[in-house]
Structure formats: C-alpha cells, structure tokens
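Below: one structure, written as structure tokens.
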Amino acid sequence: MAASKPVEAAMAAAAAPASGNGVGSSGGTAAPGSGAGTLPRWHVALAIGAPLLLGAGAMYLWSRRRRRREAGGRGDASGLKRNSERKTPEGRASPALGSGPDGSGDSLEMSSLDRAQAAKNKGNKYFKAGKYEQAIQCYTEAISLCPTEKNADLSTFYQNRAAAFEQLQKWKEVAQDCTKAVELNPKYVKALFRRAKAHEKLDNKKECLEDVTAVCILEGFQNEQSMLLADKVLKLLGKENAKEKYKNREPLMPSPQFIKSYFSSFTDDIISQPMLKGEKSDEDKDKEGEALEVKENSGYLKAKQYMEEENYDKIISECSKEIDAQGKYMAEALLLRATFYLLIGSANAAKPDLDKVISLKEANVKLRANALIKRGTMCMQQQQPMLSTQDFNMAAEIDPMNSDVYHHRGQLKILLDLVEEAVADFDACIRLRPKFALAQAQKCFALYRQAYTANNSSQVQAAMKGFEEVIKKFPRCAEGYALYAQALTDQQQFGKADEMYDKCIDLEPDNATTYVHKGLLQLQWKQDLDKGLELISKAIEIDNKCDFAYETMGTIEVQRGNMEKAIDMFNKAINLAKSEMEMAHLYSLCDAAHAQTEVAKKYGLKPPTL
C-alpha cells in the first residue's frame, strides 16, 4: 500500500497529531503503509466504542456506561459539579451570632461548628470583595474552630482558603490546602481541579495529570475546562518525554514492505530506479550467496545492488564510501543516504545531505528536485509549513515536468486544508503520469473528503463513482482499494469495505496496516472484538515493526481495562516511532493510561470492559 497516511492526515490533524513515521513518503507526515494508515484517530475511537477527548491525541478512554454511573447518584459531598468552575467560595450561610434558628433573635450560645461557619461566611464576604488576605484569616479561623470529625465542613474551609491563595497566586499554598481538602473528602472534584491547576503552575506535570484525570472521570467527562487542561498537560508531558527519548533512540530500519511502499510513491526518483545494464557484472552469485560484484569500485552502485536485494542495512555505509571518495556518483549517494536516514528516523543526519544535493548546481535536476521534495516533507513533519511550501515550489520551478513534485505537494496542500489546490496538483501529476494509479486514487479521496465534510451528497456519490473507476482501471493498485474502503466505511457500507480490504491483502499480503484497518472495521461493523484483535495480532506477526498495530492494540486494551497490557503496547510503539512528533503523541497515550491506572487504584474505580 503506497501512501494512505498523508492523505488522511489532513482529516485527522484536528483530532490528533499525525501518526507519522518521520519519513517523507508521499506527503505530509509518514511513509506509506506506516503509522495510522488510512484511518483517522477519531475513527479508531469510534470503532472501539471509546470517547476520544480533545485535540492532541490525549485519549481518555472510559466506557460510556461507566460515565453514566459515575455521573449519576452521587451526593453533594463528592464535590461533583457539572457546570464550569465556580469562582466564589463554597458553603451556605450560617445563622448569625445572636440569632436563634427561628430568627427570633434569642441569644444562644453557638457551637464550635456554628462559629466556624460564621467565620467562613465572613471570609466569603471578604473574598467576594477582593480582600483575599482577610478572607484567608477568616478561613483559617474557621479551620481552627471546626470540630475535627466534621470532614465535609473542614474540607470546604480548606478548599475556600485554597481559592483565596489562588487569587494571590500562592500556588504552593493552594496545593497544600487542596491536599488537606482531598484527604478529608477524597472525591472532592473542586479541590482536585484547583490542585491540578496549582500543580500546572508549579510545573508538577505528572501530579497535575493525575488530579485532572480523576476530575475528568468523576465528572463523567462533562466539563470542558478539565478536559482542556488534561489535553494540555498530556501534550506537554508527551513532548518532554519524546524530546529526551528521541535524542537517545537507536535508529531502526523499517520492514521491507514499508520501504517498498515508500519508494513506490515516487516515479521520477533516479535513486530508486532499477540498475541499468552494465552497472553490475554478469557474474553469477557465488555459492555463499554474496551480492553480485559491480563493474566499478563504486560504493553507490554497491548500495543500489543491496537495495535490489532488500539488504537495506548496508546501504548507508556503502553510500558513505562513495561520498568519502568523492566518486562519480557522489550526488546520488548523498541523496540515497539521506533517504535512508529519513527511513530510520534520523532527520538531523539527513538534512545536511539533502542541503548539499540541492546546492549542487551541476547535479541532475531530478536529483535536486527529489531532495527538495524530501526536505520539504521533513519540514512539514517538523511543523514548518512555510519552509515546506518553499521547498516544493522551488522543486516545481527547477523541474516543472517532474510528476513527483505535484503528487507530494498535493499531499502538503491536503495537510494545509487547501483541497482545491491539492486536487489541481494531483491533476498536474496525472497529466504527466497518466498511468500513476496512486495519484488518481488520492485525488478521488481528496474529493471525497471535501464532499463528505461539506455534506454534499451528490459530490459524495460522484467521488464514490470515481473510486470505482480507479479500481477498475488500476486493479493492481492496493491503495485505491484501501482509500475506497475508508470512504465506504464512512458511508456505513461495511460489507463492501471489508471486501476492499480483502483485495488489499490479496495484492499486498505483507502489508500489516491493512490487517489493522480490517480489524478496526470488525469492531465498528460487528462489534466483534475477538476478530478485530485477531487481525491486529496478525499484523504484528507479519511486521513486528508496525507501530500502528501496537498503538491500536494499546488503545483497545485501554478500553478493555487492561491497562498494563495497553502500556506495554504503547511503549513498543514508542520504541518504533520515527519522528519526535509521533513519539510525543504515543507518550501522551501511554501517560494517559498510566494516569488512569493510578486514579483507578486511588479512588476505587474499576476499569471498564468492552
């Protein structure tokens, strides 16, 4: 399957960071056949029946049944409030000193609790008047007067004092008082949320995450403020963890299927073309099966030979020999080495090689254009769309007849939500390469998503008809079937979508992502968890480097309540991530699962099962 991921990334971008593998395949975020393939993450969530909250891939997965149970039947003592956060302190007014309970004015000796309530009421008046220091004094008096067995009242006094400290931006005191309140009333949502905000200000991200996770669950995921804070801290934690991990990661060569799919998205790429006659000798392989000798002592030609034999681990070293010797094929070797640096997720190593190829005015223009495409894609992965656009435009300027420029720029335009411009680029690619099935399939998908988003039924039907024409004209294009399957799934035509995925598997039996998509379809279509997991497990069996399979398996295990297994799956995906951005997203999933595990233990919340 060639390049489904970049097409869907535009639609998924609003829901989650792209699941890219850091390789500039046919566009914006990942190599084809990698990452999340054609299915946006909100589709993954729908397929497994899980709420996908917020926009950064920070998934809190909790069953709807559990949410309803948690939201209902809980008394005021829990502190649960469905509305947005109150800005005023809590507590009803107590009888004033010298007033009897019947309002007669009879002077009665007040109990300790009554005096504490009176002090709190006075503090509330100071709070509303913006006199926070005086309010704190009153709340402190209330705490000292309140009987120690009155947990609910004491927790309110501590929470109110924390609110006053919050107005003074005394975050340490806020956290301390909220902790006291929560110790007295463990499910006190207001105190938990206020402490979460204090932890955020104190840069205690993990503590903030745990508190806000508890709030989200206890509120039944109904309060936007708490969900936004959860999303924010998960993003920060994910980026922080990924930055450290990515620096020290071991480069990892993707599967042969991944690499073949990647190169299949290029048609004007000199370095991926078969070796020409005369570039290698006519000698047979020796009895030990060693590579054929090349006529010239060229590291680049040896690298090309290894590439044809799928002996990918030796390519970078052979290219380096050509470059060090300043050989005849130095420009080609630089580009091939850069490409494999990208494939193993070493963008920092790739960039100098790409820069040098681009600057070689005497080099073949197609080499320079290809380097610009790959550097432009890399910039997009690094969230630098202006630099990316500049590189693609320069590529079009120096090599206007290069179909790859328009194909890959079309992917960029989709990521930038410029669908009409994307379609124009796909059309330009098709004019130059009428038999390039991938561009035709992706054009159909872009038109379909545009019509689907606009709820234009006639254009949706036209796009669906376009898919039929593409698969009829190009029956060997697995990507056509895969993209059509996603459109069919959107249209609730699950049976036909399943047939399309079967076609993909027939054409590319080693493409693990297709099995993941088919597995997700079983969940969405038939709620057949066993079949879905069987297919995703098959994907891992086929390609144990398929990060998308591990990520999806982890997501499902969270929904099943198997947090330990989910965390294990997310960690495996993290180790396979080929971009820092993708790794950050995966860390956010893993951190969310960790937080839910801790909250479930602390508050006695049993993880749900599907």
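Placement of Cβ uses the backbone N, Cα and C atoms for every residue, glycine included.
Swiss-Prot lists Ala2 with the feature N-acetylalanine.
The annotation topological domain 'Mitochondrial intermembrane' is assigned in Swiss-Prot to 2-41 on the grounds of sequence analysis.
Annotated transmembrane segment per Swiss-Prot: 42-62, in sequence order, evidence recorded as sequence analysis.
The annotation region 'Disordered' is assigned in Swiss-Prot to 69-109.
Taken from Swiss-Prot, the feature omega-N-methylarginine covers Arg74, and the record attributes it to similarity to another entry.
Annotation comment: Swiss-Prot describes Ser94 (among others) as phosphoserine, evidence class a large-scale study or a structure entry.
Taken from Swiss-Prot, the feature phosphoserine covers Ser99 (among others), and the record attributes it to similarity to another entry.
The phosphoserine feature in Swiss-Prot is assigned to Ser104 (among others); the stated evidence is a large-scale study or a structure entry.
Marked as phosphoserine by Swiss-Prot: Ser107 (among others).
Annotation source Swiss-Prot lists phosphoserine at Ser112 (among others). Secondary structure at Ser112 (phosphoserine), taken from DSSP and collapsed to helix, strand or coil, is helix. Around Ser112 (phosphoserine), the same-chain residues at least 6 positions away in sequence with a Cβ under 8 Å from its Cβ are Leu145, Cys146, Pro147.
In three-state terms derived from DSSP, Lys187 (N6-acetyllysine) belongs to neither a helical nor a strand segment and is classed as coil. Feature annotation from Swiss-Prot assigns N6-acetyllysine to Lys187; the stated evidence is similarity to another entry.
What Swiss-Prot records for Lys277 is SUMO2 cross-link, and it gives similarity to another entry as the kind of evidence.
Here the repeat 'TPR 6' (403-436) has, by DSSP, the following mix of helix, strand and coil residues: 27 helix, 0 strand, 7 coil. What Swiss-Prot lists as repeat 'TPR 6' is 403-436.
Same-chain neighbours of the repeat 'TPR 7' (444-477): 2, 7, 10-11, 410, 414, 419-420, 422-423, 426, 437-438, 483-484, 486-488, 490-491, 503, 507, counting only residues six or more beyond its ends whose CB sits under 8 Å from a CB of the stretch. Feature annotation from Swiss-Prot assigns repeat 'TPR 7' to 444-477.
Look at the repeat 'TPR 10' (547-580): DSSP puts its residues at 29 helix, 0 strand, 5 coil. As annotated by Swiss-Prot, repeat 'TPR 10' applies to 547-580.
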Secondary structure content of the repeat 'TPR 7' (444-477), with strand meaning DSSP E or B: 27 helix, 0 strand, 7 coil
